Ligand code: KIV
Ligand code: ZN
């Protein structure tokens, strides 16, 4: 038995069939190039007969990529196969993938054909496709709900007709790992009985698996089929696909790599793919961006939280040794590293680690003060927070008394629905130079208010048209968010703001108010106070605290 597992990516065919997804030809080419860099073995580029757009997409991909096979899907009839060939004939290595359903429910209600008729159509389709290319794959749609002996008959017949890959799809995500294992073994036995086993053993005929995720078992079923002898896995980036999706490529590849020991123990040899795993995250992000299908944060391998640790015990473990809570190196799949994120569940170790990574060395006593203050500050914040919020708390603790600005009045008038822009008037008490006022209009209330604060204090927010800061008074708004704490219209608005100055120095501030514009103004003033305190006394404070800690 060969140890090589072939990765057949169907993101651009089954993945593109996800509700709401529609890719342009350019998008498809960009994804195909990314899949080529990822080093998948086969790209299923589409279903050319489905529409002129599909045809164009497949043709363009076939002519774009070189170091990967390009497959086109076709039902088991000459017209589909002719069109599929027309679309992929320009590929360096073209593959025709023809299919017909084999389950009784599909035969009776969809195809309205007998088992004998379907068997004959399957054989004819394979023979017909072989006239174009030696690389012909046959799929028995809804294989897992088909009669096993009839399915075995079809498998033997299409093998004799010349199919080199025989796909056993779990079209409706119905099977479970042990059952799927037994089904693949049953089909291998059928090849033995038909005296075709040598083809399977030598890798000249390959069983492929194609699992849908209706019961959340697509990856587990695919891995089980590999243990039974399948050597091609059909999968999609981020697991996108019809209904609950297809088996996720990244999960299969990383399961094979991370648990190589297990597969080697059971099979007597490790299973290998040729995937460049460092391309996984960039490819996932590209597919998510172009399809508009957001990757859930807790998605294995590619979700934003897949290598993020917030809770005290876990963050401590990872700081001491990554292996305590991580079974893969995030860099291996294309992330920049593990992320210790700060939030409500953060412990002292994470707080110390974050401050040290920003150059702050603290005594145990000072660390305790900052830790308590930080917990208090973010108790109403519903999300993980940027590291700058922690640094801001430290500045509040040691330099807060000297902060320069206090919001003394803010008035924002918004005439919604009128053709007028919102107007904001603010008054800030500058402890050095007295009260400062400004009035600004903006595209929205927050925009007007932030522009007014900036103007009053001699700053300017960079607009869309400003690429780079041109003066030391220029600021960029890096992040702005509001969470509603409590229920209903009377909930408290908690606003977080991160700004960046002309030197790239970042500062974060929080503001709370029942009025969200007021919460925003407070957050901005908080961030500006911290920024100015850091600029004038930050380095000196670092030295003082480090001396105390020594
Ligand atoms: O799910 C399925 O059965 C398919 C086939 C066309 C391979 O997508
Ligand atoms: Zn499918």
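A Cβ is built for glycine as well, from the same backbone N, Cα and C atoms used for every other residue.
Note that the coordinates shown come from a computational prediction; the quantities given were computed from them, not determined experimentally.
Per TrEMBL, the Mn(2+) site holds 14, 210, 212; the candidate it also names there, chosen from 77, 246, 298, is 246.
On the 0 to 100 pLDDT scale, the domain 'Pyruvate carboxyltransferase' (5-281) averages 97 in this prediction. Residue 14 (Mn(2+) binding site) falls within a helical segment according to DSSP. Closeness to ligand 1 is met by 14, 210, these being the binding-site residues among 14, 210, 246 whose Cβ falls under 6 Å from the molecule. Each of the binding-site residues 210, 212 was assessed for Cβ neighbours inside 10 Å, and the highest tally belongs to 210. For the region 'Regulatory domain' (406-550), residue counts in helix, strand and coil come to 49 helix, 55 strand, 41 coil, using DSSP.
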